[in-house]
């Protein structure tokens, strides 16, 4: 083949062969030494990625030098990549079987990975050549201790004693923090003990300790999903599909999480846009999509309760809020919203009770404190004059409804409709209250004050109150003073 090449290509082929015999194309001993020196300096300076690049070049330039593999392994370890360091240490040992530093380093990694038998072999090999090696003695003892602890943990797990298993695995993981099997076993125990958060804390590093840990990613996604962390659930299941997009279990779970997550995000977006009826419909879809995980039904009920209060559908809100409260008795947002529903229904005592209960669960919540203060003011106010009750309208009544109620009552209680002086006096009092109610509830500023628990017509609330006289007639005069008062009244 060589002899058949054209002369130009033959010269290139021979040159490449000569360079290859020295190591790799274009790598001379001087260049290799330069890479090693640069790698050492950069490693000392903490520039690990740059150091690694030079050690790569050194290994490629001289694949028979055990020290280059050992030094590159040191960089991998400094970068926290123990799995990448192992092959380099093994190669260094293969090239130089009596290289004790590499043996010891590999044994330490294997011990941390939970591979007790292989770790013991490395420590014993060091002690065979150096019987008084203190670190090798210590590490061999740890490997033997770890082996016994692993057996104890598996026995406890086999008999269903998950608390003991967790306690033993605490010591196991302390000795072998890079062992995915121990973390996965402890995660399973935490799940059985009803502590999914701790299971997540073990499974998260386990996903990085195996090359293809789709099972851990799926389990992580399922745990996050069960806790209501749908965004985290979606992120974890996507990691599984990155490893194998055709994984049937991961893909089926991905479709479910993606659909539910989209519905939840859409519902919250609708709420932010004050499109409450559409948000309610979206949350009803959420309950249909996932009827088996309590978190999502509870969340949907809570947010539907909130939307109904915002829509001032007080009676319907009260029903849903009460159901949501039964599901989550300590949820302060549900208590807050039910209190607001009670306020809409003018049941102020119950509103105060709900706000007080919410404050017990969160003493520092400013919104709850302000809500309680307002509910207490409204309760106090209702024991004096309640303009909504005077006109017989709901707190959500609009201006037209207020005027309509006023006109009807004004006609009914006009003093001209009554004959006796006693009846006229009673009618006059009623008529003044009706007019006052109309004045307050048709004026946005005064109505807001009243809704906040302050009566704008109460002399106690007036600044510089004009000598302290009671203000009975809202327009500044009393048309009923002075005997005969036959006149035509316009109900504006």
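Using the three backbone atoms N, Cα and C, a Cβ is placed for every residue, glycine included.
Cross-referencing 290-337, 338-385 with TrEMBL places the feature coiled coil at 338-385. Ranges compared are 408-442, 443-477, and TrEMBL records region 'Disordered' for 443-477. Within its own chain, the repeat 'TPR' (66-99) is flanked in space by residues 32, 36, 39-40, 43, 48-49, 51-52, 55-56, 58-59, 105-106, 109-110, 112-113, 129, 178, 211, which lie at least six positions past its ends and keep a Cβ under 8 Å from the stretch. The average per-residue pLDDT of the prediction over the repeat 'TPR' (100-133) is 96, rounded to a whole number.
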